[in-house]
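J.: Next up is a structure, given as structure tokens.
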Amino acid sequence: MNQEVMNLFNPQAPAQTFDSIRISIASPEKILSWSYGEIKKPETINYRTFKPERDGLFCARIFGPIKDYECLCGKYKRMKYKGIICEKCGVEVTLSRVRRERMGHIELAAPVAHIWFLKSLPSRIGTLLDMTLKDIERVLYFENYIVTEPGLTSLKEHQLLSEEEYMIAVDEFGEDQFTALIGAEAIYELLASMELEKIAADLRVDLAETTSDLKQKKLMKRLKIVENFLESGNRPEWMIMKIVPVIPPDLRPLVPLDGGRFATSDLNDLYRRVINRNNRLKRLIELRAPGIIIRNEKRMLQEAVDALFDNGRRGRVITGANKRPLKSLSDMLKGKQGRFRQNLLGKRVDYSGRSVIVTGPELKLHQCGLPKKMALELFKPFIYARLDAKGYSSTVKQAKKLVEKERPEVWDILDEVIREHPVLLNRAPTLHRLGIQAFEPTLIEGKAIQLHPLVCTAFNADFDGDQMAVHVPLSLEAQLEARVLMMSTNNILHPANGAPIIVPSQDMVLGLYYLSIVAEKEPGEGMIFADMGELQHALENKVVTLHTKIKGRFKTVDAEGNPVSKIYDTTPGRMIMGELLPKNVNVPFDICNQEMTKKNISKMIDHVYRHCGQKETVIFCDRIMQLGFAHACRAGISFGKDDMVIPESKAKIVAETEALTTEYEQQYNDGLITQGEKYNKVVDAWGKATDKITEEMMARLKAVEFDPVTGRQKQMNSVYMMSHSGARGSVNQMRQLGGMRGLMAKPSGEIIETPIISNFKEGLTVNEYFNSTHGARKGLADTALKTANSGYLTRRLVDVAQDAIISEVDCGAEIGLTMQPIVDAGQIVASIGQRVLGRTALDPILHPVTGEVIVEAGRMIEEKDVEIIEKAGIQSIRIRSALTCETRNGVCAKCYGRDLARGTPVNQGEAVGVIAAQSIGEPGTQLTMRTFHLGGTAQVVDSSYLEASYEGTVKLRNRNVVRNSDGNLVVMGRNMAVLILDATGKERAVHRVTYGSRLFVDEGDTVKRGQRIAEWDPYTRPIMTEVEGYVEFEDLVDGLSVSETADESTGITKRVVIDWRSTPRGSDLKPAMVIKDKAGKILKLSKGGDARFLLSVESILSVEPGAHVKAGDVIARLPMESAKTKDITGGLPRVAELFEARRPKDHAIIAEIDGTVRFGRDYKNKRRIIIEPNDDTIEPVEYLIPKGKPFHLQDGDVIEKGEYILDGNPAPHDILAIKGVEALASYLVNEIQEVYRLQGVLINDKHIEVIVRQMLQKVEITESGDTGYIPGDHVDRIELEEINERLIEEGKKPGSGNPVLLGITKASLQTPSFISAASFQETTRVLTEAAVAGKMDTLQGLKENVIVGRLIPAGTGGMTNQIRRIATARDELIIDERRKTSGSAEANAMLVDMTNNAAE
């Protein structure tokens, strides 16, 4: 009943339940239907009475009363007159709130064009009329006439006439023979007279006939807009306005300031200009003013309306009194301060507070300390309610007084209220979901919030003055979600990689590490202890120390839960830690019977979580934290200057390196090496010296020393302890303190040749200090840029992935990805086990030896399976992936696999897209901003030899080797690899060996660890012959294409190929070497081509004409330096480049087909390369390659699809087009992982896959069939599949398309939801497009729902949606049943009523 009474007083309709929102162009009738009256005067309020002027911009008669239930003149007051319209002032008596809802309108004396449809590119009006924007503007702004009806004259339709031409035409043909108009009326006429169906049909015919690409594109664009208008029911002439709507006055308020001035919204100024000009125009028309004056006024009106809708889009920006541009309606929506991002996506909330945080080591993991004052303020409503319930107060006023006086009973009640009521803590910047967590508050004195030390990692908080915000979840549902989902105890694992995030750090690690150290010759060595009691006794009496080697008995339980014990060699410190381990058969003592570095502690917590569950883990973490702090305090580890050790050999190493650099300097002066080579060698030498000194220093720090007096082991070096345990500091920092600072970089990124030889302990010289300032300043500038860039990357990622939600359990996909271990420089960086853990197997995984099934198809791969897989040495596994998931909207749980933050299969409704975006974006701030500029050597080859990293047997993949005249094995293949297999035949290491390397091993040899496998010259790239014969030169003309340079010091001459194209005489030359037999015939290569080797500029000739060469001999060398120093984009810019799918600057050229390489006729400054396919049905493919680029293919080489013709970073689009989706996915995943791996950041592959899935959602139509699309359209992949299914059923022709890769920004703007796209970027463009097409937003994603103010369709909201769907389906069934049983209409009506009520 109550609700009904309240509804009487509520002027709004009940909150409608709706499923979608549509946007379209407003027709004049529509605008009038919204309006409550016309605004005729520009006045706002009367400056004396402060009452709104009648018919003005704030008119109470049109917009509603100023005070609740009171008319303007004060005749009718209070509720009883509700709904009456006062006869004196014409104001309706109602709530003043209607001034936020009621709109007005302005009738324009002349039509004006809507600037969005005119100027937002591509101009919709322009495309529709097939005129250029310039021409339309000439007509609109009264410069030219346009012919609308040519009649029988020689004029053409849409022809523009200047004033003079118009006069001449009138004289020539007479005024009534043709119609030419000017201004918006002209455009209105043209648009109103368009027959869209006919135009669409004509365009389709033209499209079918045209052959030129450009024309086709133009026609397609026009056809698209015409079809949009036809489908949406919009009329073209609505893009010209005759009526301007006026938004409600409370959305553009006029606020009195003190001192009698007013602050007003800019919109009021803009509306005033429109009204003034409109009224003036009306008056001029009534007065029959001269045409030129009226025209000028019309133009000014058009400009005023333009400024109102989008100020600054055309012409000068209209500024206010203080020279600041006025904010137009468009600006209200745009950007960070616009309606979408400021008020709809993020709002300020009440019941929140913020304060400084301090550490709370005595808290439990699920608690936080809340200052009493703060809690009192935050929980006020709850306290009032409780005071009332307990009878301490009868009114709110009384309760308020009690609370203000802070009476003792208030504190008791506060305690009750707070008990079991979680609060949310948030630290800005909230980069991932662990930046907001729920805690149970405990009341504390003081004014700072206490935070548990273990959650600092998740919040990225420290206690140097950080602040945190507290929010109170009010409703029961909110409290429930906070407790079940957001409690800190429920967030033990990191969503990005599944490793524990509640891990001790800094002091705690140091304490635990100290506790676990073993020392030699301590008192009591070799004693045996039966239990902890004895041990404690011995420790207290100093019979043993924490580090003594002892034997101790560790008690745990077996699988049945019966106590068992076992004796271990350990130390008292480790026994103390072992005492805290949960008693479980799967948690052995060995897990903490080792040096507890941060990594090992993390592994231990992970192990406990996997085997003992969440509750045990939380208790264990709390205990281990207490233990760590206690022993860090007891140990008292600190360091002074003497703890930084400078190695004795430093001076010697520095002297040796200086001698080397002097030698290089000499070689350069003698002309033996170039400037670049000298630079590379010097930088290399100093780099090696720094490393050597660091090694020596670390060896000194690690060394175990004994005290000569007591004979006991000396205390370990504390700097080393801190670094080695992972508590603080790194080898790099220790090197700078005690070794040598080493090489520094210039601001441009190049390395300065002179290093800093001193360290901080010795102190820097003035010059050294100056050199080091570059880096320091650049570091600061980088950090500032990085934060903004990283935040923007996260925002784009969230936007593209926000609608990837787990929406079903299994999509039944039969395709997936192949996972293999990632190998980098022979080292396995990511093992196959790490990569497949927590993913669903696509095919059964079989044991390679026994053939038994390890994991069945469709089961998730767990830790225990990974152990078996790793032992069995399986090298590739097919798994399900979000990329290949076939779910219509969202992703299915099977394809996604494990929810990393819980360690269980993912739940339905989990917003995996947002989690992926946060996991990738959050570490963004740790990535570097810099582009590496590396010298030739440093980038091309890091070393000049390869050593075996494992023992085993050698196998050569793609073996292609020959023995040269020195009897060495030489690699002739371009993609050959050396594999090292262990005894079981499992690949332990894979090394790529480059063309021209010398091999020291062959197939089947056994190698020891550290044995040399191959070596090569790092500074040159060889050109070798494959056949034995005699050398002959072609086109190597002295002075033109070859020059001899003599070395002054040695007198040795070398012949170098010079740029022959620089002289006119040499333009046709093709410098090459050919190998002939004795008879002088050119020899053939194994692949069929001639033995002719083309030489590029700067090649150094290694043989003389007529020399006899054997296969594998080098005939020329190309200095690596000429493979100009490349910039390697690294860090954040590289990640952004990959996600935006940009083409890299010097991108690789990839072969599109298998075939043979042939050299075609050269182009001006490009080489033409043709690939002749092995298969005759395919056309040959041509590539043009810039001539000076280093290029390693020879005529006649056989090339495979996907091989690189020109090295560089490949463009992702090429990979997609040539090798397909799977290759693209693995390329993007590996490249992005590479960047993060360098920084030591772990991110699970599936997150990157989810984002790549969102980038691959569109296909480009190639064959339209009967789909109604136009070739070149971008359509959702799933949408096309649905349409095709329907067409096949109807027996029509389906369409087909190729997948397209869109960058994340593009993909976000192309989401089906226009609300989401508009709130992302380019708001006006998105809304214009959506309005023309009459787009429908079905509110599928998260952002749209947040904006319209509903629960998001993920998590708990996802469940509600599902239940609602089931309920509606049931209701329909019931209605159908009833309809069948009772034919009576009344029953049906009643039922419909019932159902509606139920739905509400």
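Each residue, glycine too, has its Cβ placed from N, Cα and C.
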J.: Pick from Cys633, Cys811: which one does Swiss-Prot list with Cys885, Cys892, Cys895 for the same Zn(2+) 2 site?
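T.: For Zn(2+) 2, Swiss-Prot names Cys885, Cys892, Cys895; of Cys633, Cys811, the listed one is Cys811.
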J.: Given the binding-site residues Cys71, Cys73, Cys811, which one is most crowded in terms of C-beta atoms within 10 angstroms?
T.: Cys71
J.: List, in sequence order, the same-chain residues at least six positions removed whose CB sits under 8 Å from that of Cys892 (Zn(2+) 2 binding site)?
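T.: Once residues fewer than 6 apart are set aside, Cys892 (Zn(2+) 2 binding site) is near Ile806, Ser807, Glu808, Val809, Asp810, Cys811, Ala813, Cys885, Glu886.
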J.: Given the binding-site residues Cys86, Cys89, which one has the fewest other C-beta atoms within 10 angstroms of its C-beta?
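T.: Among the binding-site residues Cys86, Cys89, the lowest count of other Cβ atoms within 10 Å belongs to Cys89.
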J.: Measuring CA to CA, name the entry from the binding-site residues Cys71, Cys73, Cys86, Cys89, Cys895 that ends up nearest Asp466 (Mg(2+) binding site).
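T.: For Asp466 (Mg(2+) binding site), the closest Cα among Cys71, Cys73, Cys86, Cys89, Cys895 is found at Cys895.
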J.: Between Cys895 (Zn(2+) 2 binding site) and Asp462 (Mg(2+) binding site), how many Å separate their Cα atoms?
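T.: With distance taken Cα to Cα, Asp462 (Mg(2+) binding site) is 38 Å from Cys895 (Zn(2+) 2 binding site).
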J.: What is the nearest of the binding-site residues Cys71, Cys73, Cys86, Cys89 to Asp462 (Mg(2+) binding site), using the Cα of each?
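T.: Closest by Cα: Cys71.
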J.: Have a look at the binding-site residues (Cys885, Cys895) and report the one with the fewest Cβ neighbours inside 10 Å.
T.: Cys885
J.: Could you check the binding-site residues Asp462, Asp464, Asp466 and say which one's CB has the most other CB atoms within 10 Å?
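T.: Ranked by Cβ atoms within 10 Å, first place goes to Asp466.
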J.: Where does Cys895 (Zn(2+) 2 binding site) sit in DSSP terms: helix, strand, or coil?
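T.: Cys895 (Zn(2+) 2 binding site) sits in a helix per DSSP.
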J.: Given the recorded Mg(2+) site (Asp462, Asp464, Asp466), which additional residues of the same chain have their Cβ within 8 Å of the Cβ centre, ordered by sequence?
T.: Ile357, Ala461, Phe463, Gly465
